[in-house]
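Peer 1: My questions all concern the structure below.
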Amino acid sequence: MWLGVITLFPEMFRAVTDFGVTGRAVKNGLLELHTWNPRDFTHDRHSTVDDRPYGGGPGMLMMVQPLRDAIHAAKAAAGEEAKVIYLSPQGRKLDQQGVTELAESSRLILVCGRYEGIDERIIQTEVDEEWSVGDYVLSGGELPAMTLIDAVSRLVPGVLGKQASAEQDSFSDGLLDCPHYTRPESLDGLDVPAVLLSGNHEQIRLWRLQQSLGRTFLRRPELFENLALTDEQSTLLAQFVEAMDKNA
């Protein structure tokens, strides 16, 4: 997957290229990341990249000319098939379904705003989609962009090594993940569930699915609104709720 990022702080993206899953993906040639800094497209000696908003008010906006030129440079490098994404609180909220959709694109250009944002005409003429990572305020689009990159890259074939790792992540099937355990078998009086030590793969699968359903029921019940449970899932969830009521 090819990724271009428009940012005033390209150094921040070393967290993507140098570390963890995404760092290995870059090293192995599965992920290619390039940055364009609007400061490199300025024409004054101060490398000015902000400007005052029409109508007054607090704060500044990113200057149009350097930002637009940076986007054009990224588009020229990416090719016509690239999709331009602006990280914005006004965008569609990123969830696993959205991540899956974005992962179908082989080339993405991510525009990271700063200050109070960017000129609306840039969004109208240069941006294909707006995405948000949540209903809260951040200082810029870099952290949302890194969040999007990390989530999308996990779905690129070969990045995780085993596709099962991605398939078992929280939200991959619309549910929260089940609990996980490692050694020792007993920790401060808390034991690993016996079923996980049984070696019975079918029973382990059912336990994990039931725990995933139960955890979603307890913590994020609204997720069920978008799910059509199978007969097996419905039965397991009913059993979980019944057992919970008995132990209440």
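Placement of Cβ uses the backbone N, Cα and C atoms for every residue, glycine included.
Since the structure is predicted, the reported quantities are computational estimates derived from the model, not experimental observations.
As annotated in Swiss-Prot:
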- GLY113, VAL133, GLY134, ASP135, TYR136, VAL137, LEU138: S-adenosyl-L-methionine binding site (BINDING)
Peer 1: Cβ atoms within 10 Å, counted per site: which of GLY113, VAL137 has the most, among these binding-site residues?
Peer 2: GLY113
Peer 1: So how many other Cβ atoms are close to VAL133 (S-adenosyl-L-methionine binding site), meaning within 10 Å of its Cβ?
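Peer 2: Looking across every protein chain shown, the total is 21.
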Peer 1: Write out the long-range same-chain contacts of GLY134 (S-adenosyl-L-methionine binding site), meaning residues 6 or more apart in sequence whose Cβ is under 8 Å from its Cβ.
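Peer 2: Once residues fewer than 6 apart are set aside, GLY134 (S-adenosyl-L-methionine binding site) is near LYS93.
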Peer 1: Within a 10 Å radius around the Cβ, which one of these binding-site residues has the most neighbouring Cβ atoms: ASP135, TYR136, LEU138?
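Peer 2: That would be LEU138, with the highest Cβ count within 10 Å.
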Peer 1: With the S-adenosyl-L-methionine site defined by the record as GLY113, VAL133, GLY134, ASP135, TYR136, VAL137, LEU138, how many Å span the farthest pair of C-alpha atoms?
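Peer 2: Greatest Cα separation within the listed binding residues comes to 16 Å.
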